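Trainee: Pulled these features from TrEMBL for this protein:
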type	residues	note
TRANSMEM	20-39	transmembrane segment
TRANSMEM	46-69	transmembrane segment
TRANSMEM	75-95	transmembrane segment
TRANSMEM	116-135	transmembrane segment
TRANSMEM	150-169	transmembrane segment
TRANSMEM	190-211	transmembrane segment
TRANSMEM	231-260	transmembrane segment
TRANSMEM	310-328	transmembrane segment
Amino acid sequence: MPQDPMDFEWSYWIEWGREHILWLLAGHLLVSQVSRLLVEKYKPWCLMIYGMAACWLLLGIKGFAVILLHAAISFVVAQFQLSLLTWLCSLILLATLRMPAVEETKRKWYDTENEYYLLLFTVSVRCLFCTSFSLEYCWHAPTQKSSHSFLWMLAYVFYYPTFHNGPLVNFDEFSKQMRRQEAFSVKTNLSILIVGIIRIFFWWCLAELMIHLMYIHALYSSALPLESASYWALGGLALAQVLFFYVKYLVLYGVSALLLQMDGLKPPPLPCCVSLMHSFTEMWRSFDVGLHRFLVRYIYVPMGGSQSSLLGTLFSTALTFAFVSYWHGGQSYLWYWGALNWLGVIVENVTKRILSISLIQDLI
C-alpha cells in the first residue's frame, strides 16, 4: 500500500537516516564506547573529532566551514560578556539563513535541494547550541572560563547525536555530565542499547502504519474533503495529526536520546503523549523538554518570568514565543501560531492567579 507522501519532515529524515545518518550514528556509538572503555578522560575530544569528520562528510567542506564560522563568531562575541550582544549576534546569524543572496549561494554548493535543506536545518539547530554556550560563558566567573574554552564549544557544537535535529541540551548540563567519569559496564550498556532499539523499532512501525493507512496529511492538503467533513471528523483529523507528530518525535528524538544514554549523559525526557495533556502550558513543558529548558533558562527567566508583575510576565512570555516563531522560520503562519500559543498560556496563567485568590477559593 502506498504511503502518504505529504509529511515532508518524516519522509525527509527517514530517507537521510537510511542512507547516511544512521550509519554515522552507529560510527559515533562505536567511537564513544571504545573511548569510554580505553580513554575516558579524552572522550569529549574523540567525539568532537568524530562529529567534525561526520559533518565534513555529509555537508562538505563548505557546510562544515559555515558551522565552524558560526561557532567562531559566537565565541568571539561572547568574550565581551554582554548577554544582549550575544543575543544580537545569534539573531543576526539566524537572519543570514533567510537572506535570498546567501540562500542562493548555499544552494549552488549542492546537487540536490535535500542536501541544501540538511545544511539549513543543521545550522538552525547549531545556532541554539552556540547561543547556549555563549550565554553560559557570559554568566560564569573568570575562574571558570577554562571549562568554557573554544575547544569545549566545538565539543558541544559538533556532538553528533544532537547535530542535525536535536534534541536540545543546554551547555551547562552537557559539560557537567561529559566531565563526569563513571564506571563503565559493557553488559549494562548492551542491555540499554537492545531495549532502546526494540522501543524505537516499535515506534517506527507504528508511525509507518499511520502514514500508510491513515493519510492524515494528504487529507489536510486538499480543501475539498475538509469542507465536506463534519466538525467531529475535523476534530478526529486534528487529533490524528498531533498523535502522529508525537509518535514521529518519539522516533526522531528517541534515537538521539538512546545514544546520549550510551555516552553516559542524561537526555531530556522524550515527548509526553499529547492525549494526556489538557493545557498549553503543559504541552510546552512536556513535549520538547530540551527546547523548553532553553527558552526558560535563556529568555523567560532573564526577562523576569513569573516572578515579575503581570505585565512583566506577559512581556517575558511574548518574547519567548516570538523567538520560537522566528527560529522556526518567521513565516506569517508561524507568528499566528506563536500568538495563539502565547494567548493560551496567558489565559491559563491568569485563570490560575484568579483561582488562587482566597475569596474565589471560598466561593468554589
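Glycine too: its Cβ is placed from the backbone N, Cα and C atoms.
Automatic, uncurated: that is what TrEMBL annotation is.
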Trainee: Which of 46-69, 116-135, 231-260, 310-328 shares the most C-beta pairs under 8 angstroms with the transmembrane segment (190-211)?
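Mentor: So the stretch in question is 231-260.
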Trainee: Please figure out which one of 20-39, 46-69, 116-135, 150-169, 231-260 racks up the most CB pairs under 8 Å against the transmembrane segment (310-328).
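Mentor: Selected stretch: 116-135, with the most Cβ pairs under 8 Å.
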Trainee: State the non-local partners of the transmembrane segment (46-69) in its own chain: residues 6+ outside its ends, Cβ under 8 Å from one of its Cβ atoms.
Mentor: 20-21, 24, 27-28, 31-32, 35, 39, 106, 109-110, 115, 118-119, 122-123, 126, 151, 154-155, 157-160, 163, 263
Trainee: Where else in the chain does the transmembrane segment (231-260) make close Cβ contacts, counting only residues six or more beyond its ends and a cut-off under 8 Å?
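Mentor: Contacts of the transmembrane segment (231-260) (Cβ under 8 Å, skipping residues fewer than 6 from its ends): 7, 9-10, 13, 17, 22, 25, 28-29, 32, 161-162, 165-167, 169, 192-193, 196-197, 199-200, 203-204, 206-207, 210-211, 214, 216-217, 219-220, 266-268, 270-271, 273-275, 287-288.
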